[in-house]
Amino acid sequence: MMNFTQLVLASHNAGKLKELQAMLGESVHLRSIGEFSSVEPEETGLSFVENAILKARNASRISGLPALADDSGLAVDFLGGAPGIYSARYADGKGDAANNAKLLDVLKDVPEAERGAQFVCVLALVRHADDPLPILCEGLWHGRILTQASGEHGFGYDPLFWVPERECSSAELSPSDKNLISHRARAMDLLRQRLGLK
Ligand SMILES: O=P(O)(O)OP(=O)(O)OP(=O)(O)OC[C@H]1O[C@@H](n2cnc3c(O)ncnc32)[C@H](O)[C@@H]1O
Ligand SMILES: [Mg+2]
């Protein structure tokens with residue numbers, strides 16, 4: 001069993017840091033890689049797993065600490081799984097609002113029954129930069145893409161993601177509710193089990 005009191009989170013996304021820290025509780029202090037460097041590594045992998053490992057190794061190398069990375073995104077059935085690993089870059093780096101506007105536009109003539117999608121989260125934990133055995137945990141969250149944005153909570157694509165089990169958008173869930181059922185929550189559940197944290 002591994003025991004971490006301090007981990008660096010290999011992410012520049014404040015929304016992820018908030019959610020992951022809330023899920024981990026007080027026993028583990030997540031330090032942002034932003035404390036050590038403002039340079040974001042290029043996400044050159046072809047899968048969530050590859051990008052998560054790449055980000056974790058980079059953060060561990062820079063900080064000298066064990067590192068946790070989260071590579072996540074939205075896979076839309078009608079688009080064959082796009083934007084997938086390119087979710088953050090879907091509108092060429094113009095940010096969340098532009099990503100959401102582009103997705104709504106691309107799907108504007110697609111009927112409800114064909115708007116299925118899943119959020120994907122892969123967490124990778126490395127003990128050191130060259131760790132040959134990263135811990136990998138995946139979580140999926142099934143839903144549907146709305147035809148207009150709704151809700152103010154969360155980040156990224158949350159306002160467009162309909163959550164069938166709650167009958168609201170992901171951005172209409174309270175943060176604590178999202179953290180119980182999201183793709184990230186599912187991946188974190190597995191990670192906690194692997195680390196013997198529960
Ligand atoms: O790579 P880091 O620095 O961690 O930050 P990032 O925001 O670039 O993160 P990713 O490369 O993993 O891209 C994730 C994309 O998927 C979106 N996303 C991931 N989880 C989400 C969630 O819980 N709710 C809404 N959107 C989410 C997010 O907004 C990004 O557009
Ligand atoms: Mg990224």
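In case you wondered, yes, glycine gets a Cβ from its N, Cα and C as well.
The Cβ of Asp71 (active site, proton acceptor) has 26 other Cβ atoms within 10 Å, all protein chains considered. Look at Asp71 (active site, proton acceptor): DSSP puts it in a strand. Summarising the annotation, TrEMBL assigns active site, proton acceptor to Asp71.
Neighbours of Gly156 (substrate binding site), defined as other CB atoms within 10 A of its CB across all chains, total 22. Annotation source TrEMBL lists substrate binding site at Ser11, His12, Asn13, Ala14, Gly15, Lys16, Ser72, Phe155, Gly156, Tyr157, Asp158, Lys178, His183, Arg184.
The Mg(2+) binding site feature in TrEMBL is assigned to Glu42, Asp71.
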Same-chain residues at least 6 apart in sequence whose Cβ lies under 8 Å from Ser11 (substrate binding site):
Leu17, Ser32, Ile33, Lys55, Ala69, Asp70
So if I take the binding-site residues (Ser11, Gly15, Glu42) and measure from each Cβ to the nearest atom of ligand 1, which come out below 6 Å?
Ser11
Among Ser11, His12, Asn13, Ala14, Gly15, Lys16, Ser72, Phe155, Gly156, Tyr157, Asp158, Lys178, His183, Arg184, recorded substrate binders, what is the largest CA to CA distance in Å?
20
List, in sequence order, the same-chain residues at least six positions removed whose CB sits under 8 Å from that of His183 (substrate binding site)?
Ser72, Gln118, Phe119, Val120, Cys121, Gly139, Leu140, Trp141
Candidates Glu42, Asp158: member of the binding-site residues with the richest Cβ shell (10 Å):
Asp158
